[in-house]
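Asker: For reference, TrEMBL lists these features for the protein:
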type	residues	note
REPEAT	35-67	repeat 'ANK'
REPEAT	68-100	repeat 'ANK'
REPEAT	101-123	repeat 'ANK'
REPEAT	138-171	repeat 'ANK'
REPEAT	172-197	repeat 'ANK'
REPEAT	206-230	repeat 'ANK'
REPEAT	240-273	repeat 'ANK'
REPEAT	274-306	repeat 'ANK'
REPEAT	307-329	repeat 'ANK'
REPEAT	344-368	repeat 'ANK'
REPEAT	446-479	repeat 'ANK'
REPEAT	480-512	repeat 'ANK'
DOMAIN	601-637	domain 'RING-type'
Amino acid sequence: MDVNKIISKIQNGDFKDVKRFIKKNPDKVNQATSNGVTFLMAACEQGNERLITLLTKSGADLNISDKDKRTALHYAVKNHQIDAVAFLVSRGANVNKQDSQGSTPLHWAVEKNYEDVVKVLLNTKGNNILQVNQRSSDGSTPLHLACAVGHTQIVKLLLQHNGTDVNAVEVNGCTPLHLACQSRYTDIIKLLLQQNSTDVSAVTNHGSTALHLACQYERTETVKLLLQHNCTAVCAVTNHGSTPLHVASFHGRTDNVKLLLQQDGTDVNAVTKDGDTPLHLAAENHQIDAVAFLVSRGANVNKQDSQGSTPLHWAVEKNYEDVVKVLLNTKGNNILQVNQRNNIGSTPLLVACAVGHTQIVKLLLQHNGTDVCAVDEDGWTALHIASFHKHIHTVDLLLQQKGTDVNAVTKDDDTPLHIASFHGRTDNVKLLLQHNGIDTNKVAKDGDTPLHLAAQKQRYGVVSLMLAQASVKLDIRNHQKITPLLEAVSRAHLGIVHKLITHGANINAVDNDGNNCLHLSIIKKEMFHSEVEHIHILDECYAKLGLPIEKRLSGVGVASYLAHQGANLYSKNNKNVAPLDLIGNADLKEKFKVLFLPPQCMLCEVNEANMELQPCAHTVLCEDCSKLQLIRCPKCKTFIKSKRRVESSKSEEEAAQAVAESVVCPKSEEKVVQAVVESIVCPMCKEKAVKVGAESVVCRKCEEKAVKTVAESIEYPFEEKAVKTVVESVVCLMCKEKAVKTVVESVVCPKSEKKVVKAVVESVECPKCEEEAVKTVVESVVCPKFEEKAVKTIVESVGE
């Protein structure tokens, strides 16, 4: 018969069939299932005395183990078969046999609270004496187990048994007393303390005494009992340096705190290895009653832990408003230092702003003495920190504070506006921009303005807000000479590029390498992106270039838009490379050339503009016209600080022809061609004319002076506003009368109604004798007929 069927019959109490099988197969009495369960184990589990007797008489092994190393005695104990236990013990079953968890039958009886079974096992005699302190795999003796699960009567039985070790320790170093305190079994604690051998000062692997564990819970009676047996325990410290008062404060056991503080030797300001006092732990864990009591008993509210944090720092960080109020209201000699800094220089206010606890920020700002301008180790103020986070209400509170410096700078010279712009905190930026006195153009260490950072991090919303401010300067360059527009192009953000251009950003600004926005756009491999659905001009440009729709936002596609907006396709960088040179496709390059011609000089309107004015970076003059004593840019009226030659896109021969001026000899009436710097050739006699200084030119054949025509515009002489004059008058060689000329347009004398001034590219004609005139350098210009003074307009007004 199959073994499992016999087991089944045993479980059903079928004595006859089992007896028949054993009688017929005596050698199979110890046969077991695949899990190692024998017939005897099954019988003991059921408590069937007849079967147990039959099997033992038939030679069943009492101490054979199953897969989990459990014997028949384990099965009998586990299932509370007291008679089977007694029978097996009397027959010599091993009472100390351990299963795979290290548990003996006594461990099982204790855990199950089978008091009668425990008594049977404790009363073994002879050679089968019980080892009462045998440990399971976690080091627990039966007494540990009884104390942990709260079986008081079994604890009594074990303590009465000779040899029970009341101070045995398990793997965590806990004695039975530790486990009883941990489990809050007061009766068991009393039983253990009645044992003279109980070590009340014993410590666990973490250095905790029984008092430490008792203080964790609300059983003040237990704490009293332990203190009665060992009053010095209040000074004991764990491996971490915690006293029982630390533990009670941490867990908010205020009654235990009060009891401990009544004991001699209790230090209210004792510190752990982390520098925490009991007040730190109470504040950090929101134990408001413990906080209030500790403060009332003189706990130091300004004590700093190893991180430099006070109890207030912790209460603020955890957003415990009630704890903050208690700490702020300290009086007497224990006054709170509200601006105390931790190890990274943060005051409680800075911490509150970092975590965004607005109500606590309000409490701190209402407290007398709170420094709203305090800075951390990086120079960040409360406003910097709040601006960094999405704490709009905190930012609003700080901006309402009288002492808040909206333009305060960090060690990197960043203002709160820099911080908010960089991180895209649009709401914070909006609030900051509304504040009186905000400096929108402040530059950080690397020269970046908030607008640079917004463009760099592609914060479209922030850029939009910034551009709505009249005070924002669009063309400030950082230390790499990068403007916000160049930054936006380099980040391939067309939406921001378009915004900046439509607001007047200088489209021809160049960086340290001489690259303008076209250089940067054309070399872009990735597609541009934009919040703007369609830019009409861009659509037109890429259509004219014949680009496919999918290339609309390519670097070349965007370059066509930039060129249409006025970006110089012919401006060469420091490596003498123009944007046009970067276009690899020859057909596309030709289309660009046709669509976007080189820029002309604004003054002469003939020569190619090849001189870049600084700081505005406008390329609006040819080299010849740039030699004038201009003070302001003709395009934007910005004061000129310097000029830089931009390499011409034309050949040298074309350039020479473009910058030349026509000069007419007043005697021979022949035109002399004057080059800007070099010699002048008379087209009639083919002789070279020598340029005199920068003013007159002499024809070698006729020996008469020819006129060089470069000047600036003149304003009507009868305007009320007077203008400072630094110009050139022109003298007629024939009648010796003075004539006047202008840079851009002719001027009519309002009295004689005669034209007094000619354009730059033409010669000057005397209105009286109609002869060509020669100019000489003076300051005022006089109408030759009425001798009224005409005045120059391009420089600056000096008043009436």
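Every residue, even glycine, has its Cβ placed from backbone N, Cα and C.
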Asker: Write out how many residues of the repeat 'ANK' (138-171) are helix, how many strand and how many coil, based on DSSP.
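Answerer: Helix/strand/coil tally for the repeat 'ANK' (138-171): 17 helix, 0 strand, 17 coil.
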Asker: For the repeat 'ANK' (172-197), find every same-chain residue at least 6 residues outside the stretch whose CB is under 8 Å from a CB in it, and list them.
Answerer: 139, 141, 143-144, 146-150, 152, 155-156, 159, 166, 203-206, 208, 210-211, 213-214, 216-217, 219, 221-222, 225-226, 229
Asker: Quickly jot the same-chain residues contacting the repeat 'ANK' (344-368) by Cβ under 8 Å, restricted to those at least six beyond its ends, or write none.
Answerer: 308, 310, 312-313, 316-317, 319, 321, 324-325, 328, 338, 374-378, 380-383, 385-386, 389-391, 393-394, 397-398, 401
Asker: Determine which residues of the chain contact the repeat 'ANK' (307-329) at the Cβ level, with the cut-off under 8 Å and only residues 6 or more beyond its ends counted.
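Answerer: Residues packing against the repeat 'ANK' (307-329) from afar: 274-275, 277, 279-280, 282-284, 286, 288, 291-292, 295, 301, 336-338, 340-344, 346, 348, 351-352, 355, 357, 359-360, 363-364, 367.
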Asker: Taking residues 6+ outside the repeat 'ANK' (101-123), which of them lie with a CB under 8 Å of any CB in it?
Answerer: 71, 73-74, 76-78, 80, 82, 85-86, 89, 95, 130-132, 134-138, 140, 142, 145-146, 149, 151, 153-154, 157-158, 161
Asker: Most CB pairs under 8 Å with the repeat 'ANK' (240-273): which of 68-100, 206-230, 446-479?
Answerer: 206-230
Asker: Go through the chain and flag residues at least 6 beyond the ends of the repeat 'ANK' (206-230) whose CB is under 8 A from any CB in it; none is fine as an answer.
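Answerer: Beyond its ends, the repeat 'ANK' (206-230) has Cβ neighbours at 172-173, 175, 177-178, 181-182, 184, 186, 189-190, 193, 200, 236-240, 242, 244-245, 247-248, 251, 253, 255-256, 259-260, 263.
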Asker: So which residues does the repeat 'ANK' (480-512) touch in its own chain, when a touch means Cβ under 8 Å and the partner is 6 or more beyond its ends?
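Answerer: Sequence-distant neighbours of the repeat 'ANK' (480-512): 446-447, 449, 451-452, 454-456, 458, 460, 463-464, 467, 474, 520-521, 524, 526-532, 535, 538, 553, 555, 558, 561-562, 565-568, 571, 573, 612, 616-619.
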